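Here Swiss-Prot flags 166, 169, 190, 193 as Zn(2+) 1 binding site. Positions annotated as compositional bias 'Low complexity' by Swiss-Prot: 294-311. Swiss-Prot lists 379-398, 725-743, 767-776 with the feature compositional bias 'Polar residues'. Positions annotated as compositional bias 'Pro residues' by Swiss-Prot: 745-762. Among the features that Swiss-Prot reports, phosphotyrosine is placed at 216, 308, 329, 334. Residues annotated as region 'Disordered' in Swiss-Prot: 223-319, 338-401, 719-776. The zinc finger annotation in Swiss-Prot covers 160-220 and is backed by sequence analysis.
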C-alpha cells in the first residue's frame with residue numbers, strides 16, 4: 001500500500017459512485033497521476049479497481065471499468081503487468097458470464113478487444129490475445145473496433161539505475177556520500193549533483209521531486225519557453241498570409257459612420273440616465289445615514305470604463321457594426337471623456353498599493369484626498385474601500401459588476417464568432433485574408449485585450465487582498481488559539497496552586513493535630529503522674545496513721561493504768577522458757593472489740609469512755625512484778641465472782657452457748673465454779689461451738705506440745721503466795737475482757753468474803769480450777 005492510499009480510495013469511491021450521471025474524468029485523471037508518480041502502488045490500485053468491477057450495482061461496475069481503461073492507457077508497464085495476466089482475464093470472463101447488464105457486457109468485450117490489439121506485439125502479454133481468440137470462438141460478439149482506441153502512448157518514469165559512483169561527478173558512494181536517484185532520467189547521483197527539485201508533467205508528477213541539474217535545466221527551459229509563447233500571437237496567425245498584410249482597418253462609408261454616431265448617442269443617453277438614477281439612490285441612502293457623507297466624494301473617481309482606458313482603444317469603434325454588444329465599450333465619446341478625466345486625476349492602470357493612500361494627500365488631488373481624509377465608519381466595508389483604491393469603490397453598487405459581466409459575455413461571443421468563422425473558412429478552403437469579417441473580429445478582440453488584462457490584474461489584486469485578509473484571519477485565529485491555550489495554562493496553574501495550597505493546609509492541619517495529640521498525651525501523662533503522686537501521698541499518710549496508731553498502742557501498753565496481758569505475755573516468758581504468741585488482736589484495757597469491728601465504730605469506742613475502776617481491793621504486791629518467773633495477771637477480786645458474772649452474761653453476745661447457759665451462783669468460791677464449769681463450758685481441748693465472737697474462740701491454736709492438764713499446770717505455775725488472793729479463773733473466749741468491762745457506774749457490789757480452800761484439798765478441786773484458768 002502506497003503513501004496516498006487514503007487519497008486513492010477517496011478518489012476511487014468518487015469516480016465509481018452510483019450517484020454519477022456521467023463519467024468523472026477529473027477524479028480518474030487524479031487516480032492516474034497518483035499511480036504514475038508512485039504515491040499508490042499499481043498492484044494495490046488494480047486490486048481496488050477489481051473490487052469495484054465485481055460490485056453488484058451495474059453503475060458502479062461500469063464506472064470501475066472506465067477507471068481501469070484509463071489506468072491501463074495512462075499508467076504504463078506497471079499497470080499492464082497487473083492487468084494483462086491470466087488471473088485478471090479469467091475474472092473478466094467470469095464477470096461476463098454472470099453479468100446481465102448490456103452496457104457492462106459490451107464494456108468488458110470492448111476492453112478485451114482493445115487490449116488484445118494493443119498488446120499483440122508483446123510476448124509476455126500473449127494471454128490477452130489468447131483470451132480474445134477463445135471468446136471469439138465461443139461466439140461472443142465484439143463491438144466495432146477503432147484503432148485509435150488502442151493507442152497506449154503514455155510515458156512513465158524510468159526505472160532507477162543502481163551503481164557505486166555518481167553518474168555525473170564519479171564520486172564513490174559511502175557512509176557520508178549517499179545515493180540519490182533522479183526521477184526524470186532514473187540515473188544515480190550524489191547529493192550535490194541532485195539538489196534540485198522540480199515537477200515532471202510528462203510523467204504525471206505534479207509535485208516537486210528530486211531531479212539532477214541537467215534535467216532541472218531542461219524542464220525549466222521548457223517552462224520558460226511556454227510562458228514566453230503565451231504572450232505572443234498564435235502560430236496559425238503567424239504562418240498565415242494575414243500577418244503579412246497591413247493591419248490598418250478598412251475605410252467605411254458615411255452611412256456606417258452616421259449609424260455609429262447615433263448608436264453612441266443612444267448609449268450615452270442611457271448611460272447618463274442610469275448614472276442619474278444611481279446618484280439619486282445614493283443621495284437618499286446618504287441622507288438616511290449621515291455618517292457615510294464622505295462616500296459621495298469618492299464617487300467622483302473615474303468609473304469602471306476609465307480604468308480600462310488605453311491608447312489602443314482608438315480602433316474600438318471600427319468593430320461596432322460587427323458586434324453590437326461591444327458598442328457600449330467601444331463608444332468613442334464616452335471613452336474620450338473618461339480619458340480626459342483620467343488625465344485630470346492620474347490614476348494608474350495597475351492597482352493602487354496599500355501604502356499609497358498615505359502619500360496621496362500631499363498631491364493636492366480632490367478625489368484621492370477625500371478618500372484618505374474621510375473618517376472611518378464603524379462598519380467593516382469602508383476600510384476595504386479606502387485600501388483597495390478606486391477599483392473597489394466601483395463595487396459599492398452593482399453597476400460595475402454587471403458591466404464586467406456584460407463585457408466578458410460580449411468578449412466571449414466575439415471569440416466564439418471568430419473561432420467559428422475561422423473553422424468555416426478552413427472547412428471551405430477559403431483563405432482568411434480575403435474574409436473581412438475575420439479581420440474585423442480580430443481587430444475588435446485585439447482592442448479588448450488590454451481591458452481584459454486590466455480586469456484580470458484587478459481581479460488578481462483583489463484575490464491577493466482577500467488572501468491577505470484570510471491570512472490575517474488565520475493569524476487572528478492562531479492568536480486566539482494561543483491565547484486560549486495560555487488562559488487554559490493559567491487556569492491550570494491556578495488550579496495546581498490551589499491544590500498545592502490545600503495540600504499544604506491539610507499538612508499543617510495534620511501537623512497541628514499531631515501536636516495537639518502529643519500535648520493531650522502529655523497532659524494525660526501529667527494527670528496520671530499527679531494521680532499516682534496523690535495515691536502515694538495518701539498511702540504515706542495511711543502508713544503514718546498506722547505508725548501513729550502503733551505508737552499509740554505501744555504507749556498505752558507501757559502505761560501502768562492500762563495493763564495489757566498480751567503485751568506482758570510477749571515480754572515475759574514463762575518459767576518453762578516457752579513464749580506464747582497471742583492469737584488475737586491487741587485489746588486495749590477497758591475496751592470491747594468484737595469480731596468484725598472497725599476502729600472508730602460505736603462498738604469499738606463505747607467502752608473507751610467508761611472509766612476503769614481506779615483501785616482494786618487488792619493492790620499488786622511489789623514483789624510480784626520483780627519475779628521474772630511469775631506470770632503477772634489481772635488481779636480479780638475473789639470475793640465477788642457472782643456479782644461480775646451476771647453483767648458479763650448480759651453484755652456479751654448471746655450467740656455463744658457457753659455464755660448463754662452460764663448462770664453463776666451468788667455463792668462465791670472456786671469449788672462451786674469448778675463444779676458448774678463442766679456443765680456450762682466446753683473442755684479446753686475441744687474446739688468451741690460458738691460463733692466468731694473472740695479471737696480465742698474463732699482461731700484455736702494448734703499447739704505442737706501436749707495440752708495442759710492439772711499435773712502439767714501445777715508443775716508449770718510458780719509457787720503462789722498465801723497472802724495473795726486467788727485469781728479468778730479464765731473462761732474460754734473473751735471472758736476476762738467482759739470481766740474488765742463490768743460496769744462501774746452502778747452501786748458497788750458488796751463482795752462476800754472469799755473462803756480460803758483448805759490446803760489439803762484433793763486433786764479434783766485443782767482439776768476444776770485448771771479448766772477455769774487461761775493464759776493470754
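Cβ atoms here come from the backbone N, Cα and C positions, even for glycine.
Distance from the CA of residue 216 (phosphotyrosine) to the CA of residue 193 (Zn(2+) 1 binding site) is 11 Å. Mean model confidence of the zinc finger (160-220) amounts to 85 (pLDDT, 0 to 100 scale). A Cβ within 8 Å of the Cβ centre of 166, 169, 190, 193, the residues given for Zn(2+) 1, is found for these other residues of the same chain: 167, 168, 170, 171, 189, 191, 192, 194. In this structure, the C-alpha atom of residue 169 (Zn(2+) 1 binding site) lies 17 angstrom from that of residue 216 (phosphotyrosine). Remark: residue 190 (Zn(2+) 1 binding site) has 166, 168, 169, 171, 173, 177, 178, 179, 180 as non-local neighbours, by Cβ distance under 8 Å and separation of at least 6 in sequence. Comparing residue 216 (phosphotyrosine) with residue 334 (phosphotyrosine), their Cα atoms are 51 Å apart once rounded. Local packing around the Cβ, expressed as the count of other Cβ atoms within 10 angstroms, is greatest for 166 among the binding-site residues 166, 169.
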